[in-house]
């Protein structure tokens with residue numbers, strides 16, 4: 001999910017993005033099975049009945065006494081049947097609806113792409129002060145942190161690989177969005193219908209389904225005109241998955257007409273260039289320059305006219321915080337002047353947008369979604385409907401971005417007046433669709449990368465992109 005560059009925004013080198021640490025509960029480990037072997041008492045049969053000492057011909061022997069044949073009395077031992085401990089393998093369904101917890105019984109999820117840091121890093125020796133400043137971030141990047149991220153990434157991979165098989169000309173976008181979101185909720189095993197359940201795991205923000213010159217922040221909403229995918233469309237699919245507030249943000253573009261192949265290749269290569277340059281102490285200005293250089297080395301031919309691919313100037317990649325899709329660091333797609341660097345423990349969404357238009361985005365009409373600002377003041381809030389709605393938002397979404405569809409899914413009704421009051425008072429921020437000029441085409445690719453102490457993990461990397 002792209003972060004739009006605000007007007008008159010200045011990025012300082014000392015901005016902090018340390019997410020608060022959270023307490024996570026480890027699943028209990030299974031105790032090793034143990035048991036006691038019970039033998040029959042001397043003088044009792046294996047069936048538990050006393051032997052009859054008065055039985056004619058019975059030999060009376062003390063415990064351990066040697067019989068006439070010189071052998072100790074041995075009792076027959078029942079052979080124990082070996083239990084088949086092998087568990088049946090559970091496979092994912094099509095569409096994916098089996099919770100990952102049922103497939104990964106150990107609750108350990110696969111690593112993504114691991115990239116070792118270059119040994120020629122020009123600033124590997126960080127000062128003690130900087131290390132102390134990031135100590136809380138590094139402490140939070142423990143096994144639970146990594147496992148939550150890997151689970152969210154695995155959900156994203158399985159869902160997107162399925163939806164790529166059903167995205168074809170003729171599909172309605174109002175049908176596609178629920179396919180993605182229902183898959184995420186099924187695989188995380190959190191439907192989000194009970195109060196607070198969506199904060200445990202599920203959608204990190206509404207599914208973005210943006211056609212052609214619509215670059216970002218469009219999703220089907222109730223009452224909107226139906227949109228059907230066409231052969232000549234360029235469709236960007238951008239959705240996020242979170243587990244315990246650890247957000248994986250990843251996006252890709254699909255087109256059916258091969259005339260757009262170079263546009264998609266330009267953006268995918270530019271994103272990979274940004275991922276290659278990302279790392280501890282990497283200068284954001286250097287990353288931006290590398291992205292632009294790769295992106296703008298491509299051109300496309302549309303209607304017998306050669307058009308250069310341009311890097312979009314006023315939307316950026318961004319760092320990700322706990323339960324917050326947008327942090328305070330931005331990664332532009334064009335050369336910029338900033339002293340800001342990436343830091344150990346950071347989580348970044350490295351994304352790029354390339355356009356055949358003017359490569360500058362404007363707000364369009366309509367609302368994509370909403371996000372609660374936890375630092376806002378509610379002193380000016382007087383409408384009871386607004387207060388009730390705010391309570392619902394806090395309990396079910398917190399600072400995660402949500403849409404009207406998500407509210408109505410919870411059964412919330414007649415919320416428009418209350419929402420208007422929340423937006424007017426700056427308590428909730430609204431997001432509008434972002435568009436380039438009509439007739440242009442925009443593509444997007446995006447991955448989430450974790451800057452771990454000894455390597456970077458492109459957590460959302462898959463076989464598809």
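Each position is counted from 1, following the chain as shown.
Including glycine, each Cβ sits where the backbone N, Cα and C put it.
Annotated divalent metal cation 1 binding in Swiss-Prot involves 249, 446 plus, out of the candidates 238, 261, the residue 238. Binding of divalent metal cation 2 is attributed by Swiss-Prot to 249, 351, 446, and the same site annotation extends, among 217, 318, 383, to 318.
For the divalent metal cation 2 site, the Cβ centre of 249, 318, 351, 446 serves as reference, and the other residues of the chain with Cβ at most 8 Å from it are 1, 2, 3, 238, 250, 251, 317, 320, 348, 349, 350, 447, 448. Here residue 217 (substrate binding site) is positioned 14 angstrom away from residue 446 (divalent metal cation 1 binding site), judged by their C-alpha atoms. Between the CA atoms of residue 217 (substrate binding site) and residue 238 (divalent metal cation 1 binding site) there is a gap of 9 Å, rounded to the nearest whole number. Residue 326 (substrate binding site) carries neither a helix nor a strand DSSP state and counts as coil.
In the three-state DSSP reading, residue 217 (substrate binding site) counts as coil.
Using the Cβ center of 238, 249, 446 for divalent metal cation 1, the list of other same-chain residues with Cβ within 8 Å runs, in sequence order, 1, 2, 208, 239, 240, 250, 251, 349, 351, 444, 448. Looking only at the binding-site residues 238, 249, 446, the densest Cβ neighbourhood within 10 Å occurs at 249.
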